[in-house]
Amino acid sequence: MVRLLNVYTISAFAALGGALFGFDISSMSGVIGTEQYQNYYGNPLGMRQGAVTSAMAGGSLVGALSSSFLGDRLSRKVAIQIGAALWCIGATVQSASNGVVMLVIGRVLAGLCVGLTSSLVPIYQSEIAPRKIRGRIVSLQQFAITWGIMVQYFIEYGCSFLDSTASFRVPWALQTIPAVVLFVGLFWFPRSPRWLASKDRWDEALRVLAFLRSANNDVNDPLVLAEYKEIEDQISQEREEESNSYRELFSRKIRKRVWLSMAVQMWSQLTGMNVMMYYIVYILESAGIANSMLASSIQYIINMVMTIPSILWTDKWGRRPALLIGAIVMGFWLFLIGGLLMHYGESNPAFNQPYTWIVVGHPSATRAILASAYLAVATFALSWGPVSWMYPPEIVPLRIRAKSVALATASNWASNFALGFAVPPLLRSIQWRLFFIFGSFNMAAFIHVWFAAPETKQRTLEELDEIFEYGEPLWKSFLGGRRGSNKLDMLAKDIEMGVLKINRSAHIETKHVISENTVFRS
């Protein structure tokens, strides 16, 4: 129990980087409907509001692409700390902004942080987690995102009653608090054992593994030595191949995995979830909801609560079923919203509104649209939300993991940027048809996952190489590691019985007395 608590505590704290992502998502949705924001920034509509919203995603795209270099060179932990420092600078510029240009600059700077942390936090979590709970551990990233969204939105909702620019300056300034906590707190947490091993810091790698896996930090624990042996074998094999990691990303052997991880992150945006997060106020107002700010707050609570079942059970029900069922069900709710708006809506006579199609005099249709929006968010929280962060770091080898996840996260942010920029003008031009487009994206995501995405639950990160190299049928991969899930346990048993000897003399001293402080300082 103690070692699991260590892993949970470290991963939950690192997930503060995900909370910053959540602050990003709701930093606009909670203010764009207020008179204070509209009056101060000149009532931005269409492409102008799209530019403000998507500026964070543009910075995140650059941050995600740079995360591989920083994560491999400085370690996952230090790169996350750099991101936290950038977030503080960006949040300060936003809260002090005197116009749209300065606001966009602040959001771009903060976006650099979100790009770094959204790439590296799942890598860090997956590399310190035992295989049996890896999905649960990485799900903490999505849980933190939902908490960040909810907390920031309620702060903005409360501040919306202030009759001054403090209504949006105060929430944007308060965003610095979790970033400061993350930056300072990471000094007391260990680096990834797999990153340490990749840098030939074998002694530290073993000590961190002992801290994470053994209740009494025993470096001679058979399970610790078995995992150490597996990491060592994989790194030795990678070095024997002497491959160029950048070239290997697009080699025949690896590119299928890289494209798949990029596609999963892209589809997670094209499901339409962030449209519901960014512009839910616009959508609910056009549907005839009187108090759209309050109604939107319920959506964020649903998003947070419905992530919990996925955290608890995703390692049992698997990644593939969650993606397939999530795409079908979420597509249904979006088609329903589009159909209701089409049938019961009419043109908006007020041209200076962010939406040109409204539902008037049909309370049942209004309630159905609201319920469908809530159910679409709940579906995403149970499926694509957490799984899209688990999958990319799981399916690629260590030597290119940071680079591959950087590309995957960059595809997320490229899609996010495009949607954040395009949705406001599309709401004014194609109106209800927008929801049919996103419903169709969900159907396309279902088809792609069905034919391309294997199940990865219960596999060690090293065993996942075998899934793709063997080319086993996707329906067999649904068994989720029954062929290989006991590999690590069998290796540990051989070590314990003396059948297999581990020669660690080249890397480590075998009789260290390990303390928690020593591990943390590594």
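Using the three backbone atoms N, Cα and C, a Cβ is placed for every residue, glycine included.
Taken from TrEMBL, the feature transmembrane segment applies to 7-32, 52-71, 78-96, 102-124, 136-155, 170-189, 258-281, 293-313, 322-344, 364-384, 405-424, 430-451. Feature annotation from TrEMBL assigns domain 'Major facilitator superfamily (MFS) profile' to 10-457.
The transmembrane segment (364-384) and the transmembrane segment (293-313) are in contact, since at least 3 Cβ pairs between them lie under 8 Å (pairs 6 or more apart in sequence).
When pLDDT values are averaged over the domain 'Major facilitator superfamily (MFS) profile' (10-457), the model yields 88. Counting Cβ pairs under 8 Å that are 6 or more residues apart, the transmembrane segment (102-124) and the transmembrane segment (405-424) reach 3 or more and are in contact. For the transmembrane segment (258-281), the most Cβ-contacting stretch among 78-96, 136-155, 293-313, 405-424 is 405-424 (pairs under 8 Å). Here the transmembrane segment (293-313) has long-range neighbours at 26, 29-30, 33, 136, 139-140, 142-143, 146-147, 149-150, 153-154, 157, 160, 276-277, 280-281, 284, 322, 370, 373-374, 377-378, 380-383, 385-387, meaning same-chain residues at least 6 beyond its ends whose C-beta is under 8 angstroms from one of its own. The transmembrane segment (52-71) makes contact with the transmembrane segment (405-424), as judged by at least three Cβ pairs under 8 Å among residues 6 or more apart in sequence. Same-chain residues lying 6+ beyond the ends of the transmembrane segment (136-155) with a Cβ under 8 Å from its Cβ atoms: 7-8, 11-12, 15-27, 29-30, 121-122, 125-126, 128-129, 170-171, 174-175, 178, 277, 296-297, 300-301, 303-304, 307-308, 310-312, 314-315, 381, 385-386, 389-390, 393.
The list of residues near the transmembrane segment (322-344) in space but at least 6 beyond its ends in sequence, with Cβ under 8 angstroms from a Cβ of it, reads 264, 267, 271-273, 283, 286-287, 310, 314, 357, 359, 362, 365, 368-369, 372-373, 375-376, 379-380, 382-384, 387, 431-436, 438-443, 445-446, 449-450, 453.
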